[in-house]
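This report concerns only the one structure given below.
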Amino acid sequence: MRLSLSLLLALFALGQVNAARPAKRAYSSHDYYVFEYVPRGGASLDEVARSLGVEVVERAGELQNHWLVRTLKPPPHSIYARDTSLDQVTHALQQVRAKASSSHHSREEVQLSRRVANSVGYLEYQQLRKREKRAPPPTPGPNALGLETASAVAQRMKILDPEFPHQWHLVNDDYPQSMMNVTGVWDMGITGHGVITALVDDGLDYRSDDLAANFYAEGSHDYNDHTDLPTPVLFDDHHGTRCAGQIAAVKNDVCGVGIAYDSKVAGIRILSGPISDIDEAAALNYGYQNSSIYSCSWGPPDNGRAMEGPRYLIKKAMVNGIQKGRGGKGSVFVFASGNGGRNGDQCNFDGYTNSIFSVTVGALDYKGLHPEYSEACAANMVVAYSSGSGNHIITTDIGKNKCSTTHGGTSAAAPNAAGVIALGLSARPDLSWRDVQHICVRTAVHINPDDPDWEKTASGRPFSYKYGYGAIDAYQFVTAAQNWELVRPQVWVDLPVVQLNGGTMDLFQSTTGGVPIVPGGVTSTIDVTQEGLNGRNFEKLEHITIQVWITHTRRGDVEVELVSPNGIKSILAAKRYQDSDNTGFPGWVFMTVKHWDENPVGTWTIRVSDQNKPEESGTFLGWTMTLWGSAADTSKDIPVYDVPVIDGTLPPLIPPNSSPTTTLDLPIGTATKQHPKPTEHLGGDHGVAEGEATKVAFPGNEDIASTPAPTPSTSAKPVSTPTADEGWFSELSNLMSTQIWVFAALGAVAIFGIAAGIFFWRRRVRRRQNYSSLPTDTVPMSTVSGRPRTRELYDAFGEVSDDDDADEQTGLRSGMHQQSEGLTYHSGFLEDDPSTAGGLTPAARYKDEPDSPDHEHAAAPRDRPHSPEGSGSNNSGDGSWDHASDAR
Ligand SMILES: *[C@@H]1O[C@H](CO)[C@@H](O)[C@H](O)[C@H]1NC(C)=O
Ligand SMILES: *[C@@H]1O[C@H](CO)[C@@H](O)[C@H](O)[C@H]1NC(C)=O
């Protein structure tokens, strides 16, 4: 069902492309790519496709101006097949870019190449990866079902579903305080009517008599087998069906009932095999005008070692969802916090659960206790009932008339929360994605009040890393929703980037500067002023994201905590005994909801410490944070957030008008990720094991005072954490040197062709060597940059090189395909337009609608100084922020 290009374009112009079903993929015969088409660049989509040698498949999910294209896989003997670090289309783009600045080609060719080069904003090969279900394993032995009656409810409500009395999460006779508390909502006649929840999972058995009547086929798709219906096929494809039953099992005589039993469910199948980023991105936006909630019970492995998040296109899809989904009210993403609690895993090491765009849901068990599998972190918003202390979740199973009695884990907690949210949206369809989060924070029930993990926040609400703000309660949620006053639009404030002792990290994660992590830890502070908040139209705080650059020989030893001006502490990273990774936190972003509604004015302190082991060490290079909240004045222009393409460098190497929240992803080049089965991490006794309510989530951290930490010993004092002024200059000089070396590289190719020849010859000799082993003196322009950024230089040199021997290219990029990002950046410097040739205003190319007037205000002016215009006055003139100051 491939559409012709002109038809696609016509549809695109009419904004109706989403009516088309995704085309069947042929991953075995073709390579797939996603690119961002920049109409402003001047080339038609057709010209771009021809120049890159690709065939346009379809629009890439719901991402505007992004297109899915494909090309036949290279023949077995081609250079591309021999060297997997090189791919055809990226190479073709490199050739186009080389031609754009070449003098060996005709004027027409050069101009076409320029237009094409400028029309490609982003290009990425689509690698197939596998997501991990958070499914519990089948549990051997009988169920420890102790009760037989919830019969009064069943009788009064004429519930004939045979398993309803066993669905303790709906009515719990033994521990009546431990349930989702839905019957009062049903009594009000609110049963989910009109709301659709999409289960992004391993399928949904729409043939089940318990789901058929509530199945929403139009919102369903199978991204594993590329068919319209999400049919469970594999032996263990029962997870999505079970989760769907929790939400919308029909009130009939089959199995049990769902929390929102008159709502509908769609199935989007992605977990039954490897999928590409763009298919995952498209899945998270599939049918997003009609489906309101995306229930996601999967993520990176819960092994206590992984630190992984959504990559660029997926983040972009989530942002697209909250901005454009549901008619602009925003898709509600619900993510399970993870089952790795016993492995010391924490949900702040998972970029899906610590996204501000998702509601993160942990688990509570049958007795209302914390099951040890459920992960704790400062990004946990609420908990919902699931397996543990002798019981599981009873729900629909695959088959015509089947019931599961072994469902559980945080996998089952998330759909229970999604079911409650469906009830809330049924009562109040106008709630935005943020209203939903606000109501979660405000109405969650303070269970186990004696648990030492609870702490009072500045707003007076109790918060726990294990429970978030508490148990989501259907009655409390819906009644609050009924009277809810909608929150104002979201705004955010990027605080200055602190570089400790001139700390830097480039795209390749090589570093300079920074402060060694010494006993007692290293602290650093950032000041927030009321004037600064006013200047950003910022009224009330919600989430905080904190980006850190830390190297360490053993990541699991590192502890990171943030202390607010009011002495409220968020533990962002506690030690993880399983995590012996040596890559540290290269621009990783943590998130905390613990400061919700707190007044952020004053000094914020971050402390980075480790376990003081003599054999392990690390360096704290820098950090920054972003405050997210509501707008003070809605009559002002409200900026629209966009995901930066590159956000892992220190200082940030990003367009001046974009905003960061996310980490640098290395697009491809690292080996294909095959996530292990989650069942490896959720013990087989997850439903049987007794929970607890007596332990703090992160023992060992409580001895660190809740006030700004004492200063480290004098020897550890960060010598030159820059003031904002110094930071600004260093960043500016970085930007300038970035451009200088690009221009220098361009010039060098043209003028010193012979030198380049020698350079490439020498590199050929070394092409199998690591980047880091390449001596700097082989780079002719190394002095131009004035900074030890050798590897970036290689990258820049390679991109603009005119070298036709593709083998040569590989030496530039061994082990990585960073070029998709690098190329994106450097393309700006090829433009004829003098207004953008300076390279300081390429932001527009990252926007979806570069020519739309709406986007003139598309991004907030960042506090991070990127351009002289943007920030020259920032440090002294408007006094928005006190200086990012040194740790003492
Ligand atoms: C559960 O719902 C009832 C109404 O049916 C309500 O009175 C009660 O407060 C709710 N329980 C909790 C813990 O909020
Ligand atoms: C959404 O719902 C409307 C009204 O029911 C329907 O016309 C439309 O086709 C649906 N859109 C999608 C993408 O399913």
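Placement of Cβ uses the backbone N, Cα and C atoms for every residue, glycine included.
From a predicted model like this one, the values you see are computed outputs, not experimental measurements.
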The annotated region 'Disordered' range in TrEMBL, which must be one of 220-243, 700-723: 700-723
Long-range Cβ environment of D201 (active site, charge relay system), under 8 Å and at least 6 residues apart: K133, H239, G240, C243, A244, G267, I268, R269, I270, L271, S295, C296, S297, W298
DSSP helix/strand/coil residue counts for the domain 'P/Homo B' (487-633): 12 helix, 75 strand, 60 coil
Most Cβ neighbours inside 10 Å, all chains, among the active-site residues H239, S411: S411
